[in-house]
């Protein structure tokens, strides 16, 4: 019913619809305070969103076994099949019934929301590389606007405009339009805003529009993940009005909203940022930011020491800041340098626990680096797109703008931290660990220029399926096997939906990959095209199922979480090595494309894996791959390129070169 909801759509055009908004605004509602003035309130659809379905247990088991088939030999598969049968007719059935009953008692949320927060917040590994991803902005099309001060000012103002637009209910609701000509119109919006919010979703559904969950948006601003022993906490203070700025590992704060909730004038923000950029303070000997890259239990203990050493107020300022702006003192050399800098940097100039860091380098290269427990990038991508659009189309200042004559020495406060010997030792240890880990990470990227979405759609193939098939072929060529593969899919079409997994490795991709890699000369171009079409069709089915909450991963995860919560001995299905193997995602993949995104990326989720960020554009395909020493990212990309060349040859009726 709904295609994959990866929120690829560029947010609607200037949404200053006719008619003033029909709700009270904050005192600061003058010109330039908002990105848009939606006539449909931002949260209009939230109450009536459908609930995330719990799949039938037999469907989950069937899908699980289908995903296991290409990964196991016949003997292993028969064992796993038996474990599944026992589970489905025994303890699994009981757990499923309990999960359904529990879900009925909690209609305000989804069955996955609580367990998913638990999973993220209980993880003790560093958030850096293990969880936090990044998305890099395209440069401003007007090159002179890429000056660091100009871009930092414009992006900060646009970010605060987004905050105000969201909080005053004037941000267009996030809606996936299957037929925009019918639903993405002022006429429809004028009608739907009068439908009570308890029914509004149904009104949108009638015109093939699918409103998406926006419950994660409130954590975008003024929020931080706080380290605590055994399970972290999310902290939000939406009363705070200050911005946190990091430069050379030094911390600065100044207000970006005044007491009435107005945005401080752009020329004042420019003046304060100019003051920070020209501050000659040296980098601190013990950069505090390293601590946010530590193991969470170690960081929790050190944070307690920080608090008891007289730093409570300074930490509160860091945690409650609207967001963290990181100003880097060097230009970006190339795309690989961009990825390394935005994914981890040198550890001194990021607060990795903040809901997001907006990073701007000396040459204006910019990115959002975000903490993953509070949300899945749904809110981040919308924010990202709107900030790019606003800051490039309606910039608050020009490169010629003069900063205000504000007294930044008074307004900008530099935070100083009192460090005991124990804290200094902790920072030094964190730095050593950080530096050693980062040395092990390799990143490389590919731009395949022969074609993209337009050509593949003419061939009646899913562009995403072809990209995923290329990864399967590449891994088979490089390592001779088919491995567990993960593709993230948003379930934001449902209330408090998070993500579901698409499992791109299938019996179809395995057969097709083996034909292309091992014996291309034995097949005609027509036969290879036929196999690609089968892969595309099956991938499309998996994608649709995942977007509708009909995968198997989250359901099995929730049943396991429930068993643990009830103190039940772990069922044998979960002790089966095949279950461990399918959740050891050697290929972890994620896609997004938007006119604002230059590239995105993340680290592998296992030590012998690849982290694959990719995008299929109109006429080219981009791929950004990370690996640790156990795998070779550059060679993998050479194999991806070979796979794409071979598939394009087959589609053009040419024979495959071995």
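Cβ atoms are placed via backbone N, Cα and C, with glycine included.
These numbers come from a predicted model, not from an experiment.
Annotated in Swiss-Prot:
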- 1-25: transit peptide (TRANSIT)
- 26-178: topological domain 'Mitochondrial matrix' (TOPO_DOM)
- 69: N6-succinyllysine (MOD_RES)
- 79: N6-acetyllysine (MOD_RES)
- 85: N6-succinyllysine (MOD_RES)
- 179-208: intramembrane segment (INTRAMEM)
- 209-658: topological domain 'Mitochondrial matrix' (TOPO_DOM)
- 239: N6-acetyllysine (MOD_RES)
- 239: N6-succinyllysine (MOD_RES)
- 305: N6-acetyllysine (MOD_RES)
- 372: active site, proton acceptor (ACT_SITE)
- 418: N6-acetyllysine (MOD_RES)
- 418: N6-succinyllysine (MOD_RES)
- 424: N6-succinyllysine (MOD_RES)
- 439: N6-succinyllysine (MOD_RES)
- 486, 488, 499: (R)-carnitine binding site (BINDING)
- 510: N6-acetyllysine (MOD_RES)
- 510: N6-succinyllysine (MOD_RES)
- 544: N6-acetyllysine (MOD_RES)
- 544: N6-succinyllysine (MOD_RES)
Using the centroid of the Cβ atoms of 486, 488, 499 as reference, list every other same-chain residue with Cβ within 8 Å of it (recorded (R)-carnitine site), in sequence order. 487, 489, 500, 501, 502, 588, 590
Once the chains shown are all counted, how many other Cβ atoms turn up within 10 Å of the Cβ of residue 510 (N6-acetyllysine)? 18
Rounded to the nearest Å, what's the C-alpha distance separating residue 439 (N6-succinyllysine) and residue 486 ((R)-carnitine binding site)? Just drop the number here, would you? 25
Tell me whether residue 372 (active site, proton acceptor) sits in a helix, a strand or coil according to DSSP. coil
From the Cα of residue 499 ((R)-carnitine binding site) across to the Cα of residue 544 (N6-acetyllysine), what is the distance in angstrom? 13
Between the residue listed as 'active site, proton acceptor' and residue 499 ((R)-carnitine binding site), the C-alpha gap once rounded to whole angstrom: 12
486, 488, 499 bind (R)-carnitine per the record; greatest CA separation between any two, in Å, is 12
Compute the average pLDDT of the predicted model within the topological domain 'Mitochondrial matrix' (209-658). 97
Can you tell me whether DSSP puts residue 69 (N6-succinyllysine) in helix, strand or coil? helix
Cβ neighbour count within 10 Å of residue 305 (N6-acetyllysine): 14
Residue 499 ((R)-carnitine binding site) - helix vs strand vs coil (DSSP): strand
